[in-house]
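Written out below as structure tokens is the structure these notes cover.
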Amino acid sequence: MSLPKAELHLHIEGTLEPELAFELAARNGVTLPYGDTDELREAYRFEDLQSFLNLYYELMAVLRTERDFADLTNAYLARAAAQGVRHAEIFFDPQAHTKRGLELGTVVEGLWRALERSEAEHGVSTRLIMCFLRDDPAESAMETLRAAEPYLDRIVGIGLDSAEVGHPPVKFREVYEAAAALGLRRVAHAGEEGPPAYITEALDVLGVERVDHGLRCVEDADLVERLVRERVPLTLCPLSNVRLRTVDTLAGHPLPAMLDAGLMCTVNSDDPAYFGGYAGDNFDAVREALGLTDERLRELARNSFLASFLEDDEELRARYLAEVEGYEFT
Ligand SMILES: Nc1ncnc2[nH]cnc12
Ligand SMILES: [Zn+2]
């Protein structure tokens, strides 16, 4: 769907399509344990978040040089632009690369090569959000934050991702405090597989401004009421939820009830190469499976720009919002 939208929950490593994975493997002399792209696609049947993460981290082995990160990002931006994405706030997982021996600079410079040309080449404005792996020690996150200080002019904020259950937000209290002191915006995955209490903790202990997923808030009426009252944006990822089995079917997704409750929902793609679709595909899928009206879809698009970190360019945000209001559905 070409409805103008911002993508607020997108892991750049999760945009690695099988074809590009094999191309980069050949370029870098990396052997993948899959014969071809069809065999690799066969592996995209996930039981839960962890079974996906295992493949996600395995395939990162093909990303080795600045050029690889630039090519990956350019490929994403082209696909996103074709689906109406006008602004993208992009996550990356520095520790997943530094633990493989890459320099943080290789990753950031590579991403930046694509991002700095994105508005001119793809018509997509961008921001970069550095995520910490919550199943790694908090000390590693703190070291990563310190290592990123030379690049903070290119990084708008921090996030928290990877295996959620057993790794509550409070584990990263000091890291988030340090990031806040550096002027970084704060988001975190919470309530994807983890309990509603993790959402509350992300708000109260980490001071997050958006909750990534936040799906399981629906289990706690008081929490829903709070999220509505405080207008906390939730970056939902419907196709991801189906593939990772956090919902049984797309038709049973709580998105319509969440919108009816007054929650500030947005729709995003998470790891589109793995979950069957980019941002526009997610909009198409919820329209089809959940019967969302055009005005509901417009609300989701409006929310995406309102929830974006465009405070440094309110003129651009206003332009995007005007595009949303003027969009004619087909
Ligand atoms: N959906 C997701 N949840 C947690 N960590 C992730 N890393 C990449 N995608 C993720
Ligand atoms: Zn995610």
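The backbone N, Cα and C atoms fix where each Cβ goes, glycine too.
Annotation source TrEMBL lists active site, proton donor at GLU192. Classification of GLU192 (active site, proton donor) by DSSP places it in coil, neither helical nor stranded.
The Zn(2+) binding site annotation in TrEMBL covers HIS9, HIS11, HIS189, ASP270.
Annotation source TrEMBL lists substrate binding site at ASP271. For ASP271 (substrate binding site), applying a Cβ distance below 8 Å and a minimum sequence separation of six or more within one chain yields HIS11, GLU13, GLY14, THR15, PHE52, TYR56, SER240.
The feature domain 'Adenosine deaminase' is assigned by TrEMBL to 4-316.
Among the features that TrEMBL reports, site 'Important for catalytic activity' is placed at HIS213. Long-range Cβ contacts of HIS213 (site 'Important for catalytic activity') within its own chain (separation 6+, distance under 8 Å): HIS9, HIS189, ALA190, GLY191, GLU192, LEU234, THR235, LEU236, CYS237, ASN241, THR246.
Spatially close to ASP270 (Zn(2+) binding site) yet at least six residues away along the chain are HIS9, LEU10, HIS11, GLY14, CYS237, LEU239, SER240, judged by Cβ distances under 8 angstroms. Note: the Zn(2+) site is recorded as HIS9, HIS11, HIS189, ASP270; in the same chain, LEU10, GLY14, PHE91, ASP161, ASP212, HIS213, THR235, CYS237, SER240, ASN268, ASP271 also have Cβ atoms within 8 Å of that site's Cβ centroid.
Mean per-residue pLDDT, taken over the domain 'Adenosine deaminase' (4-316), amounts to 98. Taken residue by residue with DSSP, ASP271 (substrate binding site) is part of neither helix nor strand, so it is coil.
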